[in-house]
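Below is one structure, written out as structure tokens; the observations come after it.
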């Protein structure tokens, strides 16, 4: 397990949560990002957090004792493709799980399965419904970071664009259900989502 890193992408704007930085909001006594980190650390040894510079102090306090490496966006608010690129650029292990900072139900067993399936490929990316989940996937850091950089240089910030140049495998719904929980993909985007998470996790 010493060959794995977890990357939390936390640099997005919390537009549907008002002026609150949702990454550090309290969820039943634990900051949201720490809930994500705790679940991620069940299957990785190293933690990287991608964020804006103005978030770093708050996130460091929320993750005290977990010793994360911070990968700060040089240019903020360029979207998740840039966040993935920046986070993966600091990774030194062969594979890394990349997840969003707002997924409090992250399933370690499903992440373990993604690591297993990614072996010998550039990526293992779930598709629980019609859409891919690139912010709940496992990557070889260098190929994915390069693919993200190429997409951004081409002014194509769509989060699925980098996958087209990778040797990636798709994890379909049936395999997800067999090896984990679909709830793993649920995120906290609105005040209603936050209240639901507090009730479920209290």
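Including glycine, each Cβ sits where the backbone N, Cα and C put it.
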>> According to Swiss-Prot, 9, 10, 11, 22, 50, 102 bind GTP; which one of 77, 156, 167 is annotated to that same site?
In response: 77
> If you count Cβ atoms within 10 Å of each one, which of the binding-site residues 9, 10 comes out on top?
Replying inline: 10
